[in-house]
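Novice: The following block contains the structure, expressed as structure tokens.
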Amino acid sequence: FQDIRNTIKTEWVDTWDPFQLNPIGAEKEKKRICFRILQNLVAVIVGLLVLVSGVMSKGSLLVLTTLTSPVSLRNNVDKQFYTLMLMCVLVMPNLLMFLKSLWKCVFKSYVAPNPRTLGIMCGIESLVAVGTAILVLIVMPKLDVLTNLSIPGGICILSAVFQIAFRLQTQSWMILYPICSLILVLSGYVLLVVDYYVRESSFVPGQVQGCYIYVGIAIFASLLVSLNWWENPFQASTNIQEMLSELDTFRDTVYLFTSLIRIALTLGVYFLYYCLIAETPIVWNDFTKASKGTIEIGLGLFSLQAFCSAACHWFGVVACKIHAMRFGFALPVSLTGPATLVLGIILFLTQAESLAPSSETANLYRSGHNFTIQTPFWPFCHELEALKDVNKTLLIMLEISYSICKTSLNNPNSMWPFSMLALEGVCMWLGLVSCTYYVWKIKVQRIERTSQLFVRRLYESAFIDLSMLLNTKMKVVLENCVIYLCATMWHETYDEMLKIMTSMFRLDRYRGDPKEEHKDCFDFECHIYVDDAFMLEEDTEKKLVNTYVCDLIQVVMEVYRVFTNKEPDEVSIIETPYGGRLVIVMPEGNMLYVHLKDKQLIRNKKRWSQVNLKVLFLTLLKNCVFLQRQNNPCRASLISLDGESYLLPTHDNDSKRRHISDENTYIMALDGDTDFQPAALILLVDRLRMYDTVGAACGRIHPTGMGPMVWYQKFEYAVGHWLQKTAEHVFGSVLCSPGCFSLFRGSALMDDNVLKRYTTKATQASEYVQYDQGEDRWLCTLLLQQGWRVEYNAASDAYTNSPQEFKEFYNQRRRWGPSTLANTLDLLHHGKETVQRNTSISLLYILYQTFTVASSILGPASVTLMISGAFQFVFGIEGTISIIIGVIPPTVYMIICFVAKPNFQITIAAILSVIYAFLMTASFFSIIGDMVKQGTFITPTGLFLVSGAILYMVTAILHPQECTLIIYGLMYFICIPSGYLLLTIYSLVNMHIVSWGTRETNKAKEQKKQVGVVCNRDCKMCCWDVKIQVTQETENLVLQQFQQAVNPNTHAAKAEPDEPKAQSTHEKKNDPFNDDTDYDDDDDDDYDYNAYDSLEPKEVVPESDWVEPVKKEFLKKLTYANLKRNLQEQIRYTLRNKNQEDLCEELVSILTDNLNEELRDKVGPEDVLNVSQLEELQYALNEAARRIVKSNRIENGAQRLERRVKRAIERTLVAPQVEKLSEDEHDFWTKLIERYLLPIQDDKAHLEEVTRELKSLRNKAVFLYFIVNVLWVVATFFLQAIGTDVLSINIPKYYPNGSLAPDPLRVEPLSLMFLLSFAVLLIIQFLAMLYHRVYTLIHVVSYRGSEKDYKEKDEDEDEGLVLGNPLNLTITADDL
């Protein structure tokens, strides 16, 4: 009896002990200081680069216009050349736009434009081109440099007019901005006219004849240029939206025509004016007479202006993408004009002394009359002419100074008219800033597309600052999205389940905590599909959940307890046509669905689980049937106040998702052991939000585990992602988005020939290999062939368990290898059709993939020859003999694979791998020794080894968070024969085996777990065989007897308590606040508090055998020991962020005492409370809570606070509920299973036929591989036999000191060709990696600048809490 009591005590401690398993990563993620510093540093650097490049672009243009002025100090030959460079400045961005549009139309997609729209666009672009050419080529050379700096500010006038006319402001008072802009620009034009009138009347020297005409032409040309950004206000308004939407579909084609028209018109204005109208027409021979200095200055200014304009535009885009809109874009671009002026003044002041002529030179140009002019600038400007032929001064500063002397500063009478020019510049600049006020407040998504940031893809190099501000979209749409996290489980271990559940709860905390802010607009649900979830009990043949499901339930409860320190509040158990479903409300209100699949009712394995989930969500989405809020008011209030609960579906009026379409509905495919942070998912969402043509995106997969096999895979995965996946992303599209961590777009999966083909059952041998062995790669192949793009994000990290045993690794790659080859060959076979349909894939990319496939096919022969070379290096064996020796082991192993069992094949492969590893190690050091012996590393082998090591080292350094993986490079090197030779042979020869190979189990039946058993012992003595079992019920009975013996007046607890219900149906006590609504106090009078009393009794749901054990697991939350902790944490959670810490702790203390008082002498620590006990406890706790709240005399919100406490109490006492599936959903699942997911039951004859076909396919593939590789080896063998003297390529040999060796290096042509091809492939991938790294950095900085801010909100969130759907919404034809 004492042993029984000790066992009982042990069981008590096991349930309520304070020790728990805290998974790694369950703690709150925080912003790292280094990333904060990096984000701010990058924003400052980008802002400075925008400012510097903008100033250089604007300054070089002003210098060119100054050098082409008719009153310039340069001769006509120099002016003619500088004018040509000025014209090239205008042509350059149009030429770049033409080339980009031509590339997209030829290699991407060509869409025929609407003739009417094309005509309108060509007409507008023609006016803009003419206005730009007139203003820059004709007018600005006639004006001074200060006027040229300020007058382009007037091109914002039309944008201001449109803003006023369309009333685009979000608030009515903001219309003052465009009104002020219009007034300022008009004032600037008036001041400009007055200024030139004063100059003409005051006889300021250096004025061009007829300057009034050019001022009027300048104003007219500015109006024409302002048409350039007409789309911006029209896109922000509701005008001509149909035309603009149509324009977006063929914008590349329109730019192809308009860029040519702009180039032609610019050339036309240039030749028309300077050949027919100008006073000094073009003399063609003078272009050859330009001096060297003139050519250098002209080309230098042109190159500087073109490069800085493009750089300013690109850095401005980067600033917008990284969320540095104000200080990285708006501020530096707005300050470009003033900064240019300040820079000019600084240069003038520092170089003024060099511009002062010597007394001898000045006397040559000084008259003998007495001057009465008092302006100090008059002598300085007058004497500048003396320096025009002096080569010692700075030519550019001389011309700028001379141009300034044409202003009122050189007025012989007084200098005050110069204030009008200064005031004109201030008005123009303020007019521009006030017109583009929206740029300072615009909110954009991370790494937003350039087309979504700017109206036009073309920038104006002549007005780089103005074009970037006016081109920024006034209206940027921020869309919400819905993400379905769908994990497939197949015999995962407890630790593996712990990873995926921790990740899901981590995302729930990130998304839902009302105390914390973030800028990511998405809603999500978690779905877990458990394959083979049921078993048959041996004794009774009852269908029960197996041990994997039991482990999963324990993991859910454990992780829930880690994140909240309490058990799950809301649990529903539902029987379904495919097995069963568990519905769990996560701590922040998001939903977790666990789908238990019975392989007797529905197809199991991963592909069919994916079909299950994808057909489900996309069918619901396409038919506007969304996941609906729970309709049971007895439980909905418990869920929907702090979060929202959804069940599958009967109604389509959910307000939360009625605007969500398949374009912004995403499905996150996960494995049952994937570990990820919320940031990883958000970064993938950004990729799909950025481009509508992206159908899927994958992240960086990190293998986890210990041992040599894991070390090998760490470097293999690193190289595959660093080089191969980045090259695929940059040059075309990623071929495989792994199913362990990939995000798919709903509309892409719903597209024709994608999901329909994905649900196809394999019937032929090739289909078994392509469809079932690598389902994720096949799905990506379908997406690519349908025209969708697959992308890779290097900053989105996910961790998954990798095979740690040699056998498991080989079986995994036995599936992956043939599937990869089959899908790639399928893509290449339909390459022409794919190129026509997919804009991301070109013929060059198909050629690149063809080369990689050929390299992989020749991999065994290449490795064999490498091993032969190792024999030659290490043992000094002759080349031909070493080839023969190298060929023998793989040939013998291939024969063994044909005749032996797979396990024996793997054993032989393991032995050979160890031998090869020793040989590769010896070869590695032999190559180093050979380089030392030769005295140089400039040999084919040495160069390959050294350059490869340097390339991988640089690549690792560019991945600072993963650079330590380079340590495993040596392990990867010595395992090359195993991974590329033996594994290839094993995969090909065993291609006919289509079993999964990993996580296989032979458990058909299992023993039922002993639930509630406290002691279970067998007693054998002599002829006695006694089985003693003490269950929980026996323990309760013993405790009751003790309690009655000690306190006879105490009511004993029932030995077999009634099962608690989710909601009691007894008559409620008189409680005026006995409801779970969270309406405002003003709405209390309108609410029927007796609504719950009028509910009909809930229909009794028949339960299967598996339901009761699952329900008992979740009922543990209603034990005496767990109720105390749950109540305390529920009170704290409900009253968080309400500034009622003292009241909260008082409630916790007093309610806990009340709970102890009610239950201490009635139930044991492990007793589950029955219905009557729960009702009495709830009433007592509600009364205590009311007294506490009333005694604290809270002035505002006392009733609301009391309802919150009551809700916490009720959520603590609610029991798991067994529910019945709705008829609509039951019919849906039945039809879905009948059409796509019936268990596959092939007859024996069919299976034998498939086996024969698989073996035939295996033989063909092996024969093809064998022939190709044998030909390569034989060719190399005969070249070795012939000798390098007869047929070889001589390469000069250099020593480290640079001297040439007397004997050249002789290399076989085939070996050299292979090495060069491989080197070119590596270089291409390395360059792609560099390009990808830049944009990954932009994305990371963008995310770190807008990631979740873990800070408390000040405002009260009560107002946002509502019950149910307050709106009666229906789906209309417009919604469809």
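Cβ atoms here come from the backbone N, Cα and C positions, even for glycine.
Whatever TrEMBL says is automated annotation, not expert-curated.
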Novice: With TrEMBL as the source, identify the stretch among 146-166, 482-502, 545-565 annotated transmembrane segment.
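Specialist: My reading of TrEMBL: the transmembrane segment range is 146-166.
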Novice: Tell me if the transmembrane segment (173-192) touches the transmembrane segment (418-440). I count contact as 3 or more CB pairs below 8 A, with pairs 6 or more residues apart.
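Specialist: By the criterion, they touch.
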Novice: Who are the chain neighbours of the transmembrane segment (879-900) in space, where the CB to CB distance is under 8 Å and they lie at least 6 residues beyond its ends?
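Specialist: For the transmembrane segment (879-900), the nonlocal Cβ contacts are 860, 864-865, 867-869, 871-872, 908-909, 912, 981-982, 985-986, 989-990, 1262, 1266, 1273, 1276-1277, 1280-1281.
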Novice: When you look at the transmembrane segment (965-989) alongside the transmembrane segment (37-61), do they share 3+ Cβ pairs under 8 Å, ignoring any pair fewer than 6 residues apart in sequence?
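Specialist: Not in contact, no.
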Novice: Report, as numbers and ranges, which residues of the same chain sit near the transmembrane segment (906-925): CB under 8 Å and 6 or more residues beyond its ends.
Specialist: 806-807, 810-811, 866-867, 869-871, 873-874, 889, 893, 896, 900, 970, 973-978, 981-983, 986
Novice: Six or more residues beyond either end and a Cβ under 8 Å away: which residues meet both conditions relative to the transmembrane segment (120-140)?
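Specialist: Residues 61, 65, 83, 86-87, 89-90, 148, 151-152, 214, 217-218, 220-225, 227-228, 230, 243, 247, 254, 257-258, 261-262, 265-266, 269-270, 273-274, 460, 462.
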Novice: Restricting to the same chain and to residues at least six past its boundaries, which positions have a Cβ under 8 Å from a Cβ of the transmembrane segment (253-273)?
Specialist: 83, 87, 90-91, 94-95, 97-98, 100-102, 105, 110-113, 117-118, 121-122, 125-126, 128-130, 132-134, 137-138, 247, 282, 457-458
Novice: For the transmembrane segment (173-192), give me same-chain residues lying six or more residues beyond its boundaries with a C-beta closer than 8 angstroms to one of its C-beta atoms, as numbers and ranges.
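Specialist: Beyond its ends, the transmembrane segment (173-192) has Cβ neighbours at 147, 150-151, 153-154, 156-157, 159-161, 163-164, 167, 215, 219, 420-421, 423-425, 427-428, 430-432, 434-435, 437.
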